[in-house]
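Chemist: Before anything else, here's the structure in question.
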Amino acid sequence: MKDLPAQPRDLDGNPVTPGLPMAMLAEITHRCPLACPYCSNPVELTRSQAELPAEDWARVFREAADLGVLQVHISGGEPGARRDLAQIVESASAAGLYVNLITSGIGITRQRLEELDSAGVDHVQLSLQGIRPDMADRISGHPGSWDKKMGFSEWVTEIGFPLTINAVVHRQNMERLPDMIELAESLGARRIEVATVQFHGWADLNRKALMPTREQAAFARQVVNDARVRLRGRLVIDYVPADHHAVYPKACMGGWGSTGLNVAPDGSVLPCHAANSIDWLQFENVRDRSLSDIWHLSDAFNAFRGTEWMAEPCRSCERKNMDFGGCRCQAMAIAGDARATDPVCSKSPLHAQVVARAEEDADADTAELIYRRMKKGG
Ligand code: SF4
Ligand code: FES
């Protein structure tokens, strides 16, 4: 592990006290019936034998609530792959957390969804991979997924859950974004999250098939801007733009270790879903230490708090407290240095290289997908 500051500091050497997390992503399993090629899960997936048991999740939820977490996103993989999902939800709800279930809608029957309602699910977020059966089934790698998802979305609204549609957009479906927004509205969603694929985990293996063109990125931005005006008061649109074509990076996670944390299926606690790509960080586990200690004291969480760790050009940049130098995992992936300026930033010395690579990937003449699969025995 590199030398890490025991106490995060700003550029004047003043100690920085971390804020409190509002949201926690609980990835309760990596098992999933779908095989989406843009999955943000790590390429090395956690096997079922290593998953944290429901009793441990109950303790983690209580510790999260004590720490200040208000909402938990129960996710995976597919959370429905765990038979004890209702028990896990019940303990999150009992801890006083607002429970958002992030699901593919595959493998959860109507009866089970009703049980999850009783157990305390407050909100459902359903992923859609396309606006027609052929596209949705091809991208998800799961024949029949479209029909199952449409049935599931009906149950969601019949039972009365607030619904968010999660649509990951990329070169193979970006032109259908207007139809996707229309579909979300027709399904009764109150919110749609339009997320341009982020090239971490499995997605990075599929850059050449999924990287949007600059024109598509501009088109998507316009579609979102227009729809936000047209649908104001009816449908909220969250948007994660294609940052490879942007001028400045996004403030990833709202800043490292500042507003949220992820607990992986094996109980390790990460500042973001891709943090284990930074191979010199060591992540502590809720089996060994309390969530509060991990949040406040662990080296991994303190590594990129404050501004003292920053290199130029971030150190002297007026945006350093707005975007916090961008995404640490992207800096690691592209610059090979997690402390570097996010290379998608136009001030990064690697920016021209990043843009050239993104344009080369976007021009690639392939639609072939490498699907996310767990090795046998998972
Ligand atoms: Fe953000 Fe750093 Fe770029 Fe400035 S130089 S805009 S702080 S990433
Ligand atoms: Fe890890 Fe952006 S995905 S900091």
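For all residues, glycine too, the Cβ spot is worked out from N, Cα and C.
All annotation found in TrEMBL is predicted automatically rather than curated by experts.
What TrEMBL records for this protein is below:
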| type | residues | note |
| --- | --- | --- |
| BINDING | Cys32, Cys36, Cys39 | [4Fe-4S] cluster binding site |
| DOMAIN | 18-234 | domain 'Radical SAM core' |
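What's the neighbourhood like for each of these?
Modeler: In the three-state DSSP scheme, Cys39 ([4Fe-4S] cluster binding site) is classed as coil.
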Chemist: Applying the rule Cβ within 8 Å of the centroid of the Cβ atoms of Cys32, Cys36, Cys39, what extra residues of the same chain belong around the [4Fe-4S] cluster site?
Modeler: Leu34, Ala35, Tyr38, Asn41, Gly77, Ser104, Ser140, Trp202, Arg372
Chemist: On average, what pLDDT score does this prediction assign to the domain 'Radical SAM core' (18-234)?
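Modeler: Looking only at the domain 'Radical SAM core' (18-234), pLDDT averages out to 95.
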